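A.B. asks: Below are the structure tokens for one structure; questions will follow.
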């Protein structure tokens, strides 16, 4: 297939923040005439779905009226349908594709696949109107991290994700990326037009990984090794916070606490009365901004095997693992993943991807990252001299 739009990107502005909103969202137009919907951009899942008037059995409150589905159903034998089913599924209703997706926070969506128009602008100025398969979700169960949205934008590696569908139609390359600002907002992009690959730090994805994973990492704190090695890492934009398995979490938390105890004049004490996150500290006065406190905290990093002797590091400075709560306390935005029910893997969430451009290059099986100012979109290569 000739990728006739290679060298172009689709860019979508992102709204929201890690705290206090608790999630980011993109506005996507769907249908003809196009109607706007707020979707949670999720690199940890594949299917894009909207809460849907089919009619709706169980829907959570939405910012916009429920999506009215088109009459174009995806049939059961369609490869996109097959990619969402367990291996032993049988087509009980050949003319339609039923789906059910479940999320790590206990939420789920059940519905039927339809096709509809997604009007999209190219960064080079062109306009696209691809027909995309999406879920008409008529039965939703909200999870523990539920937010006020119309649906989920699936950006994972499977056939049903928007990334895969746009690429299969030859519209952009099979690359998705995001840049989330610590000031709130940012942008999401499809295609290879917004970055210079030579300025990006790259890690290889394991070939058999269904998720975006740079592989196995070791945890270092303030440049020094810890006991935590062999950590399987996933990058997940659908998760606001970062989750480490019990031992790695204890390792990190104990080192942060030790550093605070060794500070001259002991300016922090644990804020047991602050329910914002499991671990918060009170200063001598309420803080307004991470800038006021970051000098008291050290960075940590995840080191991945690089080429030869070199290690590829994903550094997480204090502003990418701390928040200031509404009470003016400093809280640790890294949580115990084992307690949250995450089996055998560790999640790098939005908080730790802030102020970085993160790129998922499905064609080369690579994940890349580079420091970036995410408040403004870089110029498309088409407009650079």
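Here, residue 1 is simply the first one shown, and the rest follow in order.
Using the three backbone atoms N, Cα and C, a Cβ is placed for every residue, glycine included.
Pulled from TrEMBL, these are the listed features:
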| type | residues | note |
| --- | --- | --- |
| DOMAIN | 24-370 | domain 'Peptidase A1' |
| ACT_SITE | 42 | active site |
| ACT_SITE | 236 | active site |
A.B. asks: Distance check, please: Cα of residue 42 (active site) against Cα of residue 236 (active site), rounded to an integer number of angstrom.
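C.D. replies: The Cα atom of residue 42 (active site) is 7 Å away from the Cα atom of residue 236 (active site).
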A.B. asks: My understanding is the cutoff is Cβ-Cβ under 8 Å with a sequence separation of 6 or more in the same chain; which residues meet that for residue 236 (active site)?
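C.D. replies: Counting only residues 6 or more apart in sequence, the Cβ neighbours of residue 236 (active site) under 8 Å are 42, 43, 44, 211, 212, 347, 348, 349.
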A.B. asks: Starting from the Cβ of residue 42 (active site), draw a 10 Å sphere and report how many other Cβ atoms land inside it.
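C.D. replies: The Cβ of residue 42 (active site) has 22 Cβ neighbours within 10 Å.
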A.B. asks: Average pLDDT across the domain 'Peptidase A1' (24-370)?
C.D. replies: 95
